[in-house]
Amino acid sequence: MFVTKYGERPSKSRGASRMFSQLACAAFLTLSAGSTSLASEAVEGTLDEVQKQDPLHFLVSLDEQRIDVYRGSELIETSPISSGKRGNSTPTGVFSILEKRRKHFSNLYDNAPMPFMQRLTWSGIALHQGKLPGYPASHGCIRLPRSFAKSIFGMTARGNHVVVTRAAATPMPVTHSALPQPLSPSTKVASLSAQNIAMDPALRGAIQPAVLQTPIAAAEPENPHFNRPLRMIITPQKPPSKNKVLQRLLNELGYNAGPVDGVVGRKTRAAIELYQEGADLPITGNITDSLVARIYREAGYEKPHNAKLRVRRKFRDVYSAPVTIKGTGEDIGTHVFTALDFKQGDPSVEWIAVSAEGERGGASYEILDRLEIPQKVAEDLSKMLTPGTSLTVTDRSFQRNTGLGTDFVVITR
């Protein structure tokens, strides 16, 4: 694996250079005189590598003053940076590239030039070319060396993830049933043409002509958004009022608990006592967890979910559904899971994980252990899944910096 390191000068040796040229020439002559199959295998391997494009993402460490560029789980470039100085510190969290401008000037700091600007927030945080004195010196942006800023500007696209952490983070492979997998391709069924049926006496009359004339639709159409990575996030929801839930369910069951206002008054207590009497329970009129669970089941509802999944495509909401996170009183942290490259029809995809807050909340796989995704939601996600899709699981708020024209922005400090 070759990693480009910016900010370091490689040592040059004339003798080494001459030796390299001689070896390269010898290798070329050997390959030319060698078998055709060897050359063919080399070309095929190169094409496979070119065709496979795992998602590009960036990990910035403020403690290390460094940015690492990954293609999937492979580190391909690294460079020193200069982040925000004291009083203007760079926020940590999960960001996406929102806008790119080769030439840009600050509208906050004396029209200062910011070449190769790649915006992370609409409030003024960006990656851009700038001076690197060897310590945090910016007003919050992430300054990059010119050669590196120019290099990654040509590699990135709007929507690429940038995760900013204090300590250095590394993407790790992860496998878990909670992570979506591509929808399995439907089984193709063999069919007989009308001509074949007409020619075979054993099949005549077995199938009506009208049926033969009806075209058979494709079992599973291709995903028209397959080249658009999804951005998904799961966050805890404030639990609903137990009193309000009980009042609503009792009213649905015909016990007349009064208005659904959360106030346990005379009508609500009378309804509870009436229910307890009919269910051969101790008549107390009190609300307990076991009573609420029993009434839930009797009303035909599942246990209420305590979290919400949201999905965006091209910076717009496209899907949402209730899910469950076990252990609601425990920390979750902020964890980003990213699907690697796959093709339509592939039965599976590999995922990588980055913990944006270290071990807060536990390791990434421990967070996945706490997720409960309803079957219908899991099926919907399988149908929607595209290469480069990411799932962020966090107990941090995303509302403040997330809006029209952004992905889910999570600030962790």
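Placed from the backbone N, Cα and C atoms, the Cβ positions cover glycine too.
Per TrEMBL, these features apply:
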type	residues	note
DOMAIN	56-165	domain 'L,D-TPase catalytic'
ACT_SITE	H128	active site, proton donor/acceptor
ACT_SITE	C141	active site, nucleophile
All-chain count of other Cβ atoms within 10 Å of H128 (active site, proton donor/acceptor): 22
For the domain 'L,D-TPase catalytic' (56-165), mean pLDDT (0 to 100): 93
Secondary structure composition of the domain 'L,D-TPase catalytic' (56-165) [DSSP: H/G/I, E/B, coil]: 8 helix, 46 strand, 56 coil
Under 8 Å by Cβ from C141 (active site, nucleophile), counting only residues of that chain that are 6 or more apart: S83, G84, T90, M114, G124, I125, A126, L127, H128, G130
